[in-house]
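Undergrad: One structure is given below, represented as structure tokens, and several questions about it will come after.
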Protein chains: 2
Amino acid sequence: MCEHCVTLSPRGDKQAVEEGALFMPKFDGAGLITAIAVDANDGQILMVAHMNQQALEKSLASGEAWYWSRSRNELWRKGDTSGQIQTVHEILVDCDQDCLILKVTVAGDGGCCHTGRRSCFYRRVDRKTDGPVTLSFTEGPRSR
Amino acid sequence: MCEHCVTLSPRGDKQAVEEGALFMPKFDGAGLITAIAVDANDGQILMVAHMNQQALEKSLASGEAWYWSRSRNELWRKGDTSGQIQTVHEILVDCDQDCLILKVTVAGDGGCCHTGRRSCFYRRVDRKTDGPVTLSFTEGPRSR
């Protein structure tokens, strides 16, 4: 299966999008769709990133996660420099087909976040009654 | 604690955003931040929605999930019409503070998706070698 064999269907009507069995991903005004990478073993949410059509096609074709980097403005195979390659075991799509969940296993040191942590979601928002809203760390820094 | 007591800090530099203990949410060009609602009990991803600043402040202040509806262009307390009110038990923020996870419990029939299903992610993307990419249902339709 090569990238060029992947055929994404054009958007249909609401019924086709929500109840149909064709993949009709919706890319936003910038040509991107949101992708949530989740650990395939324990379900932890690891990171949220974006794919353009080419990244999505490459991910489907290769079974490894490709994203579009909004900061670097480039196609990006996750782990190319860090070794944290993501093998994609399953992709889920939501009702209006504008968001994806990727169930992945991570190579290298198993991390996902550029800060060196396993997950990008390492801080909890505190609820308090006055002053600025603060954060509590749920995972400390890692060596990076 | 009232909505007006919630103080979101202005964006700081990269170090402050990624390693700091102040909540500095980043709203995109449309004034929105992505929010992933997750079942607080079993960790299942239920839905992905968006919040503007007011929705976020109301969620923090009330402990119930408020969103901004992009289709209806209005502030929206989830569950107002369906009874599927989301009680927010925890909020996590990611490294660059442009995405949130809400750990919620859901009132009413426990559903989240407007199609009547528990989660919006009820279809799996099939990998196949030719023809259009198809979807398989992981949860059937519910009465709605």
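Easy rule for this one: first residue shown is 1, then count along the chain.
Quick reminder: no glycine exception, Cβ is built from N, Cα and C everywhere.
Annotated Mg(2+) binding site per TrEMBL: B:ASP94, B:ASP96, B:ASP98, in sequence order. Residues or ranges marked as Zn(2+) binding site in TrEMBL: B:CYS95, B:CYS113, B:CYS120. Marked as domain 'Phosphoribosyl-AMP cyclohydrolase' by TrEMBL: B:47-122.
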Undergrad: Give me the CA-CA distance between B:ASP94 (Mg(2+) binding site) and B:CYS113 (Zn(2+) binding site), in Å, as a whole number.
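TA: Rounded to the nearest whole number, the Cα-Cα distance is 24 Å.
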Undergrad: Is it possible to get the count of other C-beta atoms within 10 angstroms of the C-beta of B:CYS120 (Zn(2+) binding site)?
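TA: Step by step: centre on the Cβ of B:CYS120 (Zn(2+) binding site), count other Cβ atoms within 10 Å, giving 25.
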Undergrad: In sequence order, which same-chain residues at least six apart have a C-beta under 8 angstroms from B:ASP96 (Mg(2+) binding site)?
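TA: In sequence order, B:VAL17, B:GLU18, B:LYS26 meet the Cβ cut-off.
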Undergrad: Which of the listed binding-site residues (B:ASP94, B:ASP98) has the least company, meaning the fewest other Cβ atoms within 10 Å of its Cβ?
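TA: Selected from the binding-site residues B:ASP94, B:ASP98 on minimum Cβ neighbours within 10 Å: B:ASP98.
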